[in-house]
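Just below is one structure, and these are the notes that go with it.
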Amino acid sequence: MALLIITTILWAFSFSFYGEYLAGHVDSYFAVLVRVGLAALVFLPFLRTRGNSLKTVGLYMLVGAMQLGVMYMLSFRAYLYLTVSELLLFTVLTPLYITLIYDIMSKRRLRWGYAFSALLAVIGAGIIRYDQVTDHFWTGLLLVQLSNITFAIGMVGYKRLMETRPMPQHNAFAWFYLGAFLVAVIAWFLLGNAQKMPQTTLQWGILVFLGVVASGIGYFMWNYGATQVDAGTLGIMNNMHVPAGLLVNLAIWHQQPHWPT
């Protein structure tokens, strides 16, 4: 539980750091590359092949590619269309996606009530911005939901792998981050804009913090902590970053969510 709380605090600052200092200024694909590259570097000494099949290693790389690589690419693009507070609010559906995806992976009967709840939440998002709904808004909302889904796939996949193909978690995370890094490298070479590199020491410093601390250490603590608590506790903690992130964004940057009047 303590690991989940510490990680929540780290991530509460991460959303605003990226949204206020990097979004729109630094190429999002380069930001993903640096962030997951530094995280992979932290765990590189723990990379082990002995005793693990190629399939097992590939699966851990796949969940890392989904939970971090693809997720970051989608969420970082969403910052171009939404405010930090809106992006935070629209991540509340993640626990619903986690439940549905866990049912699918476990071959259980789908609980359609959760899917209906997700639909209501999307409608609610539109109501929040009913007087200023634009194509940009819907694009941002779609990107966040796709980001939520890829995060959920990776998180559930990691938990399932630890149950069916266990390995020491520090070794697992070395492969996890390597998978995310490979996705980021490909995306940067195909889609990156070399004209929008970090220009200031502050921007580079934030990237280092996001890579080493928020991602490298943060995701390890989160996924490790997720294996130590029950599903109910995990579901509650999974959304604690929303009020925490909103509080940080309001207290330090004085940004408030847009509510209809």
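Including glycine, each Cβ sits where the backbone N, Cα and C put it.
A TrEMBL annotation is a machine prediction, not a hand-curated record.
The following features are taken from TrEMBL:
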| type | residues | note |
| --- | --- | --- |
| DOMAIN | 2-128 | domain 'EamA' |
| DOMAIN | 139-259 | domain 'EamA' |
| TRANSMEM | 29-47 | transmembrane segment |
| TRANSMEM | 59-81 | transmembrane segment |
| TRANSMEM | 87-105 | transmembrane segment |
| TRANSMEM | 112-130 | transmembrane segment |
| TRANSMEM | 136-158 | transmembrane segment |
| TRANSMEM | 170-190 | transmembrane segment |
| TRANSMEM | 202-222 | transmembrane segment |
**Asked** Of the stretches 29-47, 136-158, 170-190, 202-222, which racks up the most C-beta pairs under 8 Å with the transmembrane segment (59-81)?
**Response** 136-158
**Top partner of the transmembrane segment (202-222) among 29-47, 87-105, 136-158, 170-190 - counted as Cβ pairs under 8 Å** = 29-47
**Message:** What residues elsewhere in the chain lie close to the transmembrane segment (29-47), defined as a C-beta under 8 angstroms and at least 6 residues from its ends?
**Reply:** 18, 22, 68-69, 72-73, 76, 168, 170-171, 173-178, 180-181, 183-185, 187-188, 191-193, 196-198, 207-208, 210-212, 214-217, 219-220
**Asked** Mean pLDDT for the domain 'EamA' (2-128), as a whole number?
**Response** 86
